């Protein structure tokens, strides 16, 4: 388990992280979210030992996080850091050896990953010769080649088309199922919803939402209603329980104050026309983020 115990990081008078407490169990994906400047990257860098901790402590399986256990951690940063003039094979084997992996094992493991991502033909090409998407695959391999126990992923699907996003998702899920603990950050809330059971949303270095995603959604109160109809539904706008109204190509999407309002809206629709779809939904993570942080995630 990764334990972040009342961690604070200051830069002069500025608190980038303020008394953060997190427990991330083994074999689980944990989402760490927040707008720009919320403290995510600072937290990642303290876990990696790249930044000192002002107050508190961080431990992995009961041992303080420091240089001696850094080989057990993999990190895919948002800012890419590959050597553009270096060949793929030479670069990845070199990085794995820096993490304590034997060359023979690194070469064997590299072959497995290149084949998995359908990029075996690029083994002896320079990184700068690859497309942005394939560079992202190489960057991902660099974070996992040494078989880390803890993996930190910051925007791992950036620059990938939908097919390759699914390919990387499958790899991430496979790593989790093999026992790797994963700390995950992304501005694509649908990816976080799909992959993470637990999460924390930071604002100004402090958690504003924390816990199991299902429980967070359940306790949020507000619900969404999707209605598909070709009829004029604007008469529903008079209902005080409707908080947001958004017209779509198929009808309308509403945010309502609570679940009971949906029954009242459904009753109002009776005899008013043909309704192809009426669906009550939990709030999305995007809805919760906007409500709690008050900004669009960028």
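Using the three backbone atoms N, Cα and C, a Cβ is placed for every residue, glycine included.
The structure displayed is predicted, hence computed values, not measured ones.
Under the heading domain 'ABC transporter', Swiss-Prot lists 2-229, citing sequence analysis as support.
The ATP binding site feature in Swiss-Prot is assigned to 34, 35, 36, 37, 38, 39, 40, 41. Around the Cβ of residue 36 (ATP binding site), a 10 Å sphere holds 10 further Cβ atoms from the protein chains shown.
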Across all chains shown, how many C-beta atoms besides its own are within 10 angstroms of the C-beta of residue 41 (ATP binding site)?
20
